[in-house]
Each structure stands twice: as C-alpha cells, then as structure tokens.
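A.B. asks: Per TrEMBL, the features are:
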type	residues	note
BINDING	Gly88, Gln89, Thr90, Gly91, Ser92, Gly93, Lys94, Thr95	ATP binding site
DOMAIN	6-318	domain 'Kinesin motor'
Amino acid sequence: HTSVSPLPPPIRVRPLTCTETRRGDRRVVHSLGDGTVHVSAARHDATFGFSAVFDAGASQEAVFEGSGMRQLVELAIDGFSCTVFAFGQTGSGKTYTLMGPLAQSETRPAAPGLLGLMQRSFSCLLEQSRSRSSDLALSASYLEIYNEQIRDLLSPGPPCALPLRWSKTCGFYVENQLSVDFESLEVIADLLLQGAEPRAWGWGHGLGHCCGSRGRDEGVARVSLPPTWVPQPSTCPGKQGTLCFVDLAGSERVKETGSSGELSVEANNINRSLLALGHCISLLAKPRGKRMHIPYRDSKLTRLLARSLGGSGITLMV
C-alpha cells in the first residue's frame, strides 16, 4: 500500500419507490455498463463515468465487494485513516447503503443479505483480527453533527452539544466523547442500533423541540485500531488506524425544498458544511506542489475529519 491512486467514486442507482411507481414516475438514470451512467433530463441528456456503477437491482454484497470496501478495511488495519462517505439527496438511499433497512432493532434484526457497508466492514475487520492477532482491542464511537453542533449518540442521558478541541498531539478531537470497546459483531451491531435510534427521531437543540431527522444531520461512526496492533514493518509505523463512516445530510438546495424559518437555517448549515467538505476534497485532489492551504476549520465536519482526509487518509465516497 505504498501508493494509492485517486479514482472516480462509485455510484449506486436507487430503484423507484412504491409511491413513485404508483405515481407513474420514470427512471432517469440508467447504467450503460463499464462504469458509465446516462441521465435523461428534461432539458438535455448527459453521460458520466465512475469507478463502478451499481444499478437498481444491485445487492448489498455486490456494493461492498465492488466499491473497494474490503481493501479499505485492510488499509485501516495497516494504520491508515480510512473514511467512507455516503453522499446524495434526502431519500436517495445513503443510510440504507451504509446500514441497511431503517426498521431494525435488537428483536428484529435485518436479514443478512440486507446488511450495509458498515456491518459487512466490521465483520471483515473482526475476521482479519482473528487471523492476525489474538490480543485485540477495538473501540467505536458514534457522533451526530446537526446545525454545527456535535452530539454523542452513544452517551446516555439528554442530548448536549460537545466541544471540538485541538491539540498538537491529537489534532482535532471531541471533548468528553464516549468510546466503547467491542470484540464481536453482535456488540458493534447493537451500538449502531443504539446510535441510530436518536438520529431517527431527531434532536432538540436547547429549545426542547425536535427539529432534526435522519436526512438533516450528519452521522459519523468511527472504529479505532490500536497502534500496538498495526503490523510491523508498516507503511505507517506506530500510527493508529481508523475506519470512519459518514452518513452525510441531504444535498438538496434550499430554494428547491421550499424551506423557511428554522428549516431554512438547518438547510443552510447543511449546505455550508457540504460546501466546506467539497472544497477541502477538491484541494486535496490537486498535486502536492499546487495545493493551497486546506481550510479544515470552515466546518465542524471537516475539522472532525481532518486526519481522515489529509496525511495518511484514504477516502471513498459513494
């Protein structure tokens, strides 16, 4: 893993919902094979190229294997900071791709074939751990960013905003963030469900009323691999590997949603955060000699992911 070449991101085409089918809506995005999609819009058609295209009938397993997730897990084991973004409009299937169906619980788990990238990655990670080392301590955290405030989704008690700090040794970090050790797929799956539940119902931010939903915040789940487990010699000796999953908020425009008042403020914060992320990624994609200052401080999301995006970071966006 001495060098990693940038590639166009994989894309997944969402099938029409039952409501859309009854309404007579038609698909406008079609896979042409060989990593290309054709978009037939009202004004003009266009064709785009990607590293991989998963059509509406693609299984969760096909997305996991075809997007490079297995390789990303191996890179995290080798000490890299790896991040997976799910990007798209509200309702485009980001959370389903990452976690599977929304209607999951401890008593009603999802069918194995419907599990998302996160569960499959953790299963792969634990399999690798058993083959490489018997003395392993993995830890996980789960955060939500809503209206530029950070909330710990694993912390018990009422929601409260946590401060984002910076130090020379750690870089950006969330103060008082809860990190939970796990050794089995069952434990990490329960943690995911525990963290997803408050996201589904929304988050009241000091005013006592709910004003967030799964499509209007950013969820960040991170698994840390201890430095003692990184095999030597490593391309990043002594570094702590991380595997981070980011369920980005919906990317729709404020004018098109018709939002006003508090919802408009919410949408503007989301767009500002996504703009900051896109700006950082576009600058990082340039050759090192042409890079300018990377403005990680423009949003809480980019500050939180600074280590994952730069340096030894490797990013996959779906």
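Just so it is clear, glycine is given a Cβ too, placed from its N, Cα and C backbone atoms.
For each feature listed, report its degree of burial, its nearest neighbours and the pertinent distances within the displayed model.
C.D. replies: Other Cβ atoms within 10 Å of the Cβ of Ser92 (ATP binding site) number 18 in total over all chains. Annotation note: Ser92 (ATP binding site) sits in a coil segment as assigned by DSSP.
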A.B. asks: Taking only the residues in the domain 'Kinesin motor' (6-318), give me the average pLDDT of this model.
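C.D. replies: Its mean pLDDT is 80.
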